[in-house]
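Taking it in order: structure first as structure tokens, then the write-up.
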Amino acid sequence: MAAAICALSSGSGLKKLDEFLLKQSILTRPYLGSKPSSCLCNYAQHGLSSTYRRQLEVKQWNPGRRVCYVSNETDYSDTIQEDKEEDISKVTLIWRAIKLPIYSVALIPLTVGSAAAYLQTGIFSAGRYIFVLISSVLIITWLNLSNDVYDFDTGADKNKKESVVNLVGSRTGTFVAAYSFLALGFILLIRASIEAGNKRAILLLACAIISGYIYQCPPFRLSYQGLGEPLCFAAFGPFATTAFYLLQGSSSGTNNLPLSGSILSASFLVGLTTSLILFCSHFHQVRIGTQRGSGVVKLAVIALYILLFTCGLFSALPLTCMFLCALTMPMAKLAVSFVEENHKDKQKIFMAKYYCVRLHTLFGAALAAGLVVARLVPQRYMPQTIFS
């Protein structure tokens, strides 16, 4: 084959070279351990011009295997990545499908809301906390499963191996399971609201669930209209966090929680960090481009801490919250730096959402700890009531 290529004159043209290569019956795939350009080295050694080497890209498919000559390092890396995807174990795929880190969006709003209630009353119901946490996990499971179902319907998850629909092989089964989780979770939340004697809580939670539905479910699917982040902010921030705060109260007059500046400020902060996770989860799909998208991430993080310090300085939040949450700034800087450095790399940028999950979890834990500590200090911070 090399001798035949040597016989081709430099003036014969790329067309003749392509025709010659396509007529060959024996094509071997370059070994993964070789250098990216090793499949062309014989051509280069026999005088093939650099122009032809840059343009050459022959791809041929054989039954049962893929035969591919790659012309540059990018194509070669993509080939290796596809091979790696084929070798992913089922255990790894199941772990990806579960999306365990994402369940922090159920934990943090509940924890911050409960901490805000403790700041207000000095009372914390561990039993109700666990009960509502289980209910919230069921709701998040519905979101994950229904998202896989509707992405399967649109073809977005056709080649996504970790899609639950692809793993179990049943669109109907996944759909039924999703809405079973939703029904059970909402029934449990209604029971918790009845025990707390607070109708506002279940109304806010219903608004949060509706926001999740119109975000991803037909006929709305507002996520395709660029409204995913605002809906996420409202659902997990003002709606869910405030509702969980109210659920820590009771029907008795001594423990009937008012809406205070502390819980509203805290809910806005939680909504911002949650929306950041969603934005980075679909970073490669942002309409404004990855360069501007990385700028949006940076601005969102800056806005998060500006809002934190503003709320602290104007007594909407205790100073303990401002101090403890400020300690999470290195994690925020790490997340921003990762996005700025890797926003063009489709293979690496998917990790951005996990950096945001870490920031969301650490920031939420610091915010909740600050609310609790503010209740324990001798000169206790008193939340300002906005609505009784």
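Cβ coordinates come from backbone N, Cα and C, glycine included.
Summarising the annotation, TrEMBL assigns transmembrane segment to 100-119, 126-145, 165-190, 202-221, 227-247, 259-279, 299-327, 355-377.
Beyond its flanks by at least six residues, the transmembrane segment (100-119) meets 129, 132-133, 136-137, 139-140, 144, 236-237, 240-249, 257, 260, 262-263, 266-267, 270, 273-274, 277, 318, 354, 357, 360-361, 364-365, 367-369, 371-372, 374-375, 381, 383 of its own chain at Cβ-Cβ distances under 8 Å. It is 227-247 that, among the stretches 126-145, 165-190, 202-221, 227-247, forms the most Cβ pairs under 8 Å with the transmembrane segment (259-279). The transmembrane segment (227-247) shares the most Cβ pairs under 8 Å with 202-221, out of the stretches 126-145, 165-190, 202-221.
Using a Cβ-Cβ cut-off under 8 Å and counting only residues 6 or more beyond its ends in the same chain, the transmembrane segment (202-221) has close neighbours at 139, 143, 146-147, 150, 153, 182, 186, 189-190, 193, 227-228, 231-232, 234-236, 238-240, 242-243, 246.
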